[in-house]
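Trainee: For reference, TrEMBL lists these features for the protein:
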ACT_SITE  D95  active site, proton acceptor
ACT_SITE  D270  active site, nucleophile
BINDING   D95, S96, G97, G98, F99, D149, Q193, G220  substrate binding site
BINDING   C308, C310, C313, H338  Zn(2+) binding site
DOMAIN    16-370  domain 'tRNA-guanine(15) transglycosylase-like'
REGION    251-257  region 'RNA binding'
REGION    275-279  region 'RNA binding'
Amino acid sequence: MEKAMQFDVIATCSTTKARTSLMKLPHYTVETPIFMPVGTKGSIKSVLLEQLEDINCQIILGNTYHLGLRPGVELLKKAKGLHNFMGWNRALLTDSGGFQMVSLLHMAEINEQGVNFKSPYDGTKSLLTPEKSIQIQNAIGADIIMQLDDVVPTTSKDDARMEEATYRTSRWLDRCLSAHEYPEKQNIFPIVQGGLIDNLRKLSGNLHLQRKVNGYAIGGLSGGEAKDDFWKMVSLSSQLLPCNKPKYVMGVGFAVDLVICCALGADMFDCVFPTRTARFGCALTPHGQINLKNNKYKMDFEPIEKNCICSTCKTYTRAYLHQIVSTESVSCNLLSVHNLTYQMQLMKSIRDSIKENKFPKFVQKFMLNMYPNKNYPKWCIDALKTVSIELE
């Protein structure tokens with residue numbers, strides 16, 4: 001492959017900002033919009049790689065911070081990258097470790113140099129700098145790698161800290177680009193920050209646009225902020241970014257959020273939600289989430305979803321799954337496969353509806369299935385109105 005990415009938009013919705021594209025990466029050509037399961041430490045919890053391929057999972061996500069600690073850079077280099085180490089032949093994306101500034105805030109100290117973390121494994125301290133993040137990601141060898149960003153929770157009321165983080169993220173981007181050893185086979189995505197402050201979002205996006213990159217991420221969201229703030233920041237950030245490059249909204253995995261973000265022009269998403277909720281006995285369906293621990297499924301001999309193509313629904317009933325969700329570890333696999341299949345099929349349906357120029361009708365039908373009483377959340381109504389979709 002002559003360059004690290006070729007991004008071709010193959011169809012656009014004539015009403016909304018949704019589009020479907022082919023993103024040719026060194027290890028795989030990915031169809032967008034796409035959902036990426038999260039394999040933090042190089043593995044999707046309880047799911048085999050063969051099962052991911054069977055459900056047409058095209059790209060998965062790994063975490064730089066955790067992989068940098070275990071197995072570590074030296075082992076990854078000897079293994080010739082994470083693809084070889086884990087036996088995955090399709091695309092990989094790695095987070096930079098920036099999110100751990102929020103999730104492990106009690107174990108981190110942030111300054112201009114980088115982030116001092118206390119290891120969750122043995123308590124030792126380590127400094128993660130922009131250069132170190134890229135060094136680890138170069139060893140991992142992911143097709144798409146993220147800049148190290150300064151992440152502040154969206155619920156923070158400290159506007160001065162948010163402004164500091166916005167400017168620092170841009171400075172750290174330059175350090176990441178300078179440290180990058182393999183631009184011909186790995187793509188660095190800058191991350192638009194700025195919290196919920198319009199001017200800072202615009203500033204961050206405009207600063208990133210001055211750098212030569214192949215795609216962009218929209219970060220600092222899905223952190224507990226109100227949905228009304230969430231969609232507005234996605235819309236604002238998406239409008240700032242060029243249409244000829246992919247736009248990745250980080251940390252999004254709820255079905256309704258995925259559909260609306262696609263309508264607002266986003267292309268890529270990731271979240272632990274489908275597999276995490278499976279481990280709690282919950283299954284995703286076109287009508288919402290169901291908890292198979294509930295006694296009402298004890299004598300229910302239907303599959304989770306009649307029209308689902310996953311191996312779980314072809315073989316097992318709700319009654320059987322009800323019996324094992326609290327006691328047998330295999331239930332995590334069965335429900336994770338189902339939930340990831342649901343996510344993959346949802347994204348395929350979105351792509352197909354865009355190609356057929358029927359995306360607005362798809363959205364209306366999807367929302368009606370989710371809310372049969374038409375009690376749509378106001379934020380959904382407002383977000384979709386901005387792209388000319390009226391919910392019936």
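Cβ coordinates come from backbone N, Cα and C, glycine included.
Any TrEMBL annotation is an automated prediction that lacks curation.
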Trainee: For the region 'RNA binding' (275-279), give me same-chain residues lying six or more residues beyond its boundaries with a C-beta closer than 8 angstroms to one of its C-beta atoms, as numbers and ranges.
Mentor: 37-38, 44-47, 289, 332, 335-336, 338-340
Trainee: Could you state the whole-number distance in Å separating the C-alpha atoms of Q193 (substrate binding site) and C313 (Zn(2+) binding site)?
Mentor: 40
Trainee: Where DSSP helix means H, G or I and strand means E or B, what are the helix, strand and coil counts for the region 'RNA binding' (251-257)?
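Mentor: Summed by class, the stretch gives 3 helix, 0 strand, 4 coil.
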Trainee: Let me know the most crowded of the binding-site residues, choosing from G97, G220 and counting other Cβ atoms within 10 Å.
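Mentor: Neighbour-count leader: G220.
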Trainee: Measure the Cβ-based neighbour count of H338 (Zn(2+) binding site), defined as the other Cβ atoms within 10 Å of its Cβ.
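Mentor: 26, counting other Cβ atoms within 10 Å of H338 (Zn(2+) binding site).
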Trainee: Along the region 'RNA binding' (275-279), what average pLDDT does this model show?
Mentor: 97
Trainee: Between the recorded positions D95, D149, D270, which lies closest to C313 (Zn(2+) binding site), Cα to Cα?
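Mentor: Of the recorded positions D95, D149, D270, D270 has its Cα closest to that of C313 (Zn(2+) binding site).
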Trainee: Closest of the recorded positions to D149 (substrate binding site), Cα to Cα, picking from D95, D270, C308, C310, H338?
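Mentor: Of the recorded positions D95, D270, C308, C310, H338, D95 has its Cα closest to that of D149 (substrate binding site).
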Trainee: Among the binding-site residues listed here, S96, Q193, which has the most company in the form of other Cβ atoms within 10 Å of its Cβ?
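Mentor: Of the binding-site residues S96, Q193, the highest Cβ count within 10 Å belongs to Q193.
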Trainee: If you skip the near sequence neighbours and keep only those at least six away, which residues in the chain come within under 8 angstroms of C308 (Zn(2+) binding site), Cβ to Cβ?
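Mentor: Counting only residues 6 or more apart in sequence, the Cβ neighbours of C308 (Zn(2+) binding site) under 8 Å are H338, T341, Y342, Q345.
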